[in-house]
Every structure is written in structure tokens, then in C-alpha cells.
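According to TrEMBL, the region 'Phosphopantothenoylcysteine decarboxylase' annotation covers 1-201. Summarising the annotation, TrEMBL assigns domain 'Flavoprotein' to 8-178. Under the heading domain 'DNA/pantothenate metabolism flavoprotein C-terminal', TrEMBL lists 197-408. The region 'Phosphopantothenate--cysteine ligase' annotation in TrEMBL covers 202-413. Feature annotation from TrEMBL assigns CTP binding site to Asp289, Lys299, Pro316, Asp317, Ile318, Leu319, Phe336, Lys350, Lys354.
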Amino acid sequence: MGALDGTRVLLVIGGGIAAYKALDLIRRLRERGASVRCVLTKGAQEFVTPLAAAALSGQRAHTDLFDRADEADIGHIRLARDADAVVVAPATANTLARMAGGHAPDLASTVLLATTLPILIAPAMNVRMWLHPATQRNLALLTGDGVAVVGPNVGRMAEAETGPGRMAEPDEIADAVEALLARGAPLASRPDRGTLLAGRHLLVTSGPTHEPIDPVRYLANRSSGKQGHAIAAAAAAAGARVTLISGPVTLADPPGVTVMRIETAREMLAAVEAALPADIAVFAAAVADWRPATFGDEKIKKGPEGPPPLALTENPDILATIAHRQQGRPPLVVGFAAETTDVIAHARAKIARKGCDLIVANDVSAATGVMGGDRNAVHLIGRDGSLESWPTLAKDEVARRLVARLAELAPSP
Ligand code: CTP
């Protein structure tokens with residue numbers, strides 16, 4: 001007995017080295033009780049054969065839009081209809097672009113355009129392609145349409161580059177299929193979705209940044225990303241379209257959220273700018289204020305001259321940059337103030353300096369355990385000087401309450 005007993009999955013296999021993992025995915029889905037029917041793009045067939053997909057799925061694999069046998073037999077409209085969910089793995093940058101643009105030049109994209117079933121995509125591509133604003137824009141469109149996303153994971157890639165772009169593992173994808181089917185309907189039309197932030201685009205930064213010293217060392221801080229990720233999750237649960245721009249964290253992606261992964265403050269600023277416009281922007285990340293002034297391609301070696309001098313230069317202030325924008329400033333800009341002394345006084349000064357509308361201030365001295373912990377005690381400080389102090393709460397609860405406040409404060413869309 002499997003968690004997917006009696007369900008039918010249409011698996012669209014895209015081109016890319018990760019296509020071989022899609023074969024393993026067929027096995028994993030079948031082990032959980034699903035029946036799997038495969039569509040392979042032309043690119044996919046460079047890496048795996050329709051025969052292999054057919055052998056593993058126990059059903060004929062489909063490849064051509066104008067396959068006369070197919071059209072007489074099942075046809076693309078039936079392929080798009082006769083399943084419970086569609087999974088695209090690997091989803092290449094090109095597949096995402098086609099889906100987002102509604103282009104349908106081949107069987108896979110035609111099926112994706114014709115289907116009304118829940119769709120899950122497992123992106124896999126080169127790091128630069130993943131981080132490209134065009135790909136992130138396409139992804140934001142797709143999640144806005146209710147498409148669910150799993151991964152990509154951060155790790156070493158085929159081209160020996162490291163970063164986000166590796167397809168999620170087959171078991172992670174199978175878990176995401178279970179979650180998708182448990183929801184029963186595409187995200188955008190889920191009846192149980194909150195409506196507090198429906199129709200709004202909320203952008204959240206979360207986690208630390210890593211500032212490289214050389215290829216193997218970096219400057220960082222103790223931020224876990226828990227509070228920022230919890231806000232993203234709570235906003236998605238409240239019906240918002242959410243873009244989460246995250247530094248390196250070990251947390252799972254919140255469901256129904258578009259996640260852009262970055263490492264440095266400068267990458268975070270670029271990702272935030274690419275993700276605009278937004279109705280609400282929440283800057284929960286612990287951005288490194290400084291980065292090493294120089295970065296060499298070679299590892300710094302120990303030498304007789306002693307430790308190297310570490311000259312630092314200032315990073316862009318992402319919150320202040322966005323809050324002071326003349327054009328395209330999100331109507332509601334929220335900052336965090338992580339302080340270890342005089343929390344409220346420092347936060348008040350920060351709200352003026354940064355130009356945001358609201359500051360969520362917290363005490364992050366080591367004794368509070370807030371950095372990396374699961375609980376948080378925050379004060380909400382408004383531009384008008386208003387102050388509201390909440391008791392110590394779980395970070396999830398802080399997130400839910402904050403989302404409710406944002407819904408009250410944000411101008412109507
Ligand atoms: N922030 C940012 N970009 C930076 C530094 C901070 O976007 N380069 C944002 C944080 O996400 C947070 C707010 O600014 O919302 C305040 O961050 P904090 O570290 O408390 O303030 P700093 O500006 O770094 O001031 P200081 O370190 O002097 O307290």
C-alpha cells in the first residue's frame with residue numbers, strides 16, 4: 001500500500017543531464033502506488049530513451065505532437081486530462097519559459113498548456129540560468145498561476161559549478177507529488193487558502209549572506225532564516241503570491257513560494273530588484289554589512305608574513321535602497337532591527353534612516369536565543385512612532401500575526 005495508491009501521474013521529462021534521475025522518479029512513484037505515463041521532450045531523448053521510460057513505467061512513452069498512431073490512440077488532449085497530476089522533471093529553463101509564455105511547439109508544452117490538472121515542476125539547470133532574472137520572472141508567473149515547485153537544490157553541478165540548479169532528488173519530488181495531491185487542486189484555486197493577502201505579491205528576504213574571502217572561506221552570521229521563511233509560508237497560506245529571496249540556509253522551501261537563492265548581499269539586492277514590483281516587501285534577512293574588499297580566485301596561503309590583512313568594504317543596504325526608490329517602491333516596506341542593546345531606541349533611529357514604513361525589532365543578544373532559535377519576542381514600530389510589543393512567541397506565530405497586520409496596513413491592490 002502506498003501513499004499514491006490509485007493515482008495517475010503524467011511525467012513530462014525535459015532535456016538535461018537530470019533526465020536520468022527522472023527514470024528513478026518513475027520507480028519511486030510506482031513504489032508509492034502511482035501509475036506513471038511519460039512524455040519526453042526532444043531534449044530529453046538526448047539523455048534517456050522512450051524505451052527506458054516505457055519499460056520502467058509499464059506504459060508507452062509519448063514523444064511527438066503529430067504522431068498519427070498517438071492521435072488515433074490517445075491524443076494530446078487526453079494526455080492532458082487522463083491523470084491526477086502533471087510532474088515536469090527535469091524542468092529546464094526553456095520549459096519554464098515555454099510554460100510561462102504559453103508557447104506550445106511540441107507535445108510536452110502542448111500538454112502543459114492544455115491541462116487543468118495540478119502541476120509540479122522540478123527545475124534543473126545551470127546556476128546562472130536559474131538565477132537569471134528571466135528565469136525567475138517565469139517562475140514567479142508560474143507560481144502565480146498555481147504551479148507547485150520542488151527544488152532546485154544547491155550543490156555541485158555537471159559543469160563543476162556550485163549553486164542552486166540541481167534537480168531535487170526523486171524521493172523529494174515524490175513527496176512533493178503527495179503534498180500536491182493532498183491539496184487536491186491547483187494552489188491558486190485551493191478552497192482552503194486564506195484570502196487575507198489574495199491578489200498581493202509579497203517579497204521576503206531571509207537568512208544570512210555569505211561574503212567570500214577566497215574560494216573556500218567566507219564571512220557570515222548566525223541567522224537561520226527561520227523567521228523570514230515563516231513569514232513567507234504564512235503569507236502564502238494567506239493567499240499572497242510570495243517571492244522568498246534567501247541566503248544560504250538549511251530550511252526546506254515553504255510550500256507554494258517561489259524561492260530565489262543567493263549567497264552575497266549584492267546578489268540579494270539584484271534578486272530583490274528582479275522580483276519587483278511587489279505590494280509588500282519584508283526585509284528579514286541578516287545581510288552582512290561588509291564584505292572583503294578583495295576576492296582572489298586562489299586560496300590565501302599561510303606564509304611567514306603572518307595573517308593576511310582583511311580589508312572590508314560596505315555592502316549595499318538593500319532595505320534602504322528599495323525603501324528610497326523613487327519609482328517602483330513597494331507601497332508597504334517592512335524592515336527588521338536586530339539589536340543587542342536599547343532595542344526600541346535603535347529601531348526608531350533605523351526606521352528614519354532606512355525609510356521603511358514599519359520595523360520589527362528584536363533583541364538578538366546571545367542570552368535570548370533568538371538567533372537560530374524557534375521563538376522570538378518582537379516590537380512593532382511604525383513610522384508615526386507607534387509601538388506595539390508582543391510576548392515571546394513561536395516564530396511561526398509571529399509570522400502569522402505579522403501577516404495579519406500587513407494585510408491591514410497594505411493599501412488595496
Ligand atoms: N538590511 C539590508 N541590507 C543591509 C543591511 C541590513 O537590507 N546591507 C536590512 C535588514 O534585512 C533589516 C534591516 O536592514 O531589515 C536592519 O538590519 P540590521 O542589521 O539590524 O541593521 P543595520 O543597517 O545593519 O544596522 P546596524 O548593524 O548598525 O544595527
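Just so you know, the numbers here start at 1 and follow the chain as drawn.
Heads up, the Cβ atoms here are built off N, Cα and C, so glycines get one too.
Cβ environment of Ile318 (CTP binding site): Thr205, Ala265, Met268, Leu269, Val272, Phe283, Ala285, Val287 lie under 8 Å away, each six or more residues apart in the same chain. Between the listed binding-site residues, namely Pro316, Lys354, the fewest other CB atoms within 10 angstroms of a CB are found at Pro316. Within the same chain, the residues at least 6 positions away from Phe336 (CTP binding site) whose Cβ sits under 8 Å from its Cβ are Gln227, Phe283, Ala284, Ile359, Val360, Ala361, Asn362, listed in sequence order. Annotation for Asp289 (CTP binding site): spatial neighbours Glu314, Asn315, criterion Cβ-Cβ under 8 Å with sequence separation of six or more. Maximum C-alpha to C-alpha distance over the listed CTP-binding residues Asp289, Lys299, Pro316, Asp317, Ile318, Leu319, Phe336, Lys350, Lys354 is 37 Å.
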